[in-house]
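Undergrad: Below you'll find the structure I mean.
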Amino acid sequence: MDTEFLRTLDRQILLGVFVAFVAVGAGAAYFLTSSKKRRVCLDPENFKEFKLVKRHQLSHNVAKFVFELPTSTSVLGLPIGQHISCRGKDGQGEDVIKPYTPTTLDSDVGRFELVIKMYPQGRMSHHFREMRVGDHLAVKGPKGRFKYQPGQFRAFGMLAGGSGITPMFQVARAILENPTDKTKVHLIYANVTYDDILLKEELEGLTTNYPEQFKIFYVLNQPPEVWDGGVGFVSKEMIQTHCPAPASDIQILRCGPPPMNKAMAANLEALGYSPEMQFQF
């Protein structure tokens, strides 16, 4: 056999092996890099501490807390619509644990944010009131029963009261920021006064950026003199007007104070929404 032919064949074999080796190495490197980029920080069994890096007072009793994750590419690892358990100290120095829903998604790498309404007698509210930049918060999770896949429903109706807006905002963001998810979102958000409305700027941003997919109707118990939203409590008529009608491909989400949740459950039942069409956070 021609010696030159054998040498050429050997070179081709070696080149093929080299290319295959490089491809495997590149694939492994990509996998490792991707895994590193998507480092999940939550532990469902054990509390982990995260450093407070920013605190922005939104009103006299509401603040946004920004917590740093271990690396700039870390993610919290929180499924859409689920929450975390936060541990702190009350005014007597006793441990207290309470659930909260971050307003950030896993697309917000390197950090997570909590918008907290602090009540005068709230035990965990005391802990957040006392928190300063540089302090750490103990967090465990994820927690919750809500599960969602893009396009699972044609539309969501959302009934939120007060700080119950946080899981709604998280779900709405996840839907609207996913270009392949065409689910429509109809939100009714109830508060006592105009100043009680949480995430107002962010919600208005969603209506501006997604006008055909996201609709919001505000309801105030004590509205200002000039007001074009709802007045009083969320009624059956408001739900009929601003939420999708009962159907197998819609779901109504509820999150608010216990009296509101109870009243909304009764309103929804009277309007023909089956238990399968509803979910309460």
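Placement of Cβ uses the backbone N, Cα and C atoms for every residue, glycine included.
Quick caveat, the model's predicted, so the values are computed rather than measured.
So Swiss-Prot lists the following for this protein:
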BINDING   129-144, 155-187  FAD binding site
DOMAIN    45-149  domain 'FAD-binding FR-type'
MOD_RES   THR166  phosphothreonine
TRANSMEM  13-33  transmembrane segment
Undergrad: How far is it from ALA160 (FAD binding site) to the residue listed as 'phosphothreonine', counting Cα to Cα, in Å?
TA: 9
Undergrad: Could you say whether, by DSSP, ASP181 (FAD binding site) belongs to a helix, a strand or a coil region?
TA: coil
Undergrad: Where ARG129 (FAD binding site) and THR166 (phosphothreonine) are concerned, what is their Cα separation in Å, rounded?
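TA: THR166 (phosphothreonine) has its Cα 19 Å from the Cα of ARG129 (FAD binding site).
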Undergrad: Taking helix as H, G and I and strand as E and B in DSSP, count the residues of the domain 'FAD-binding FR-type' (45-149) in helix, strand and coil.
TA: 8 helix, 46 strand, 51 coil
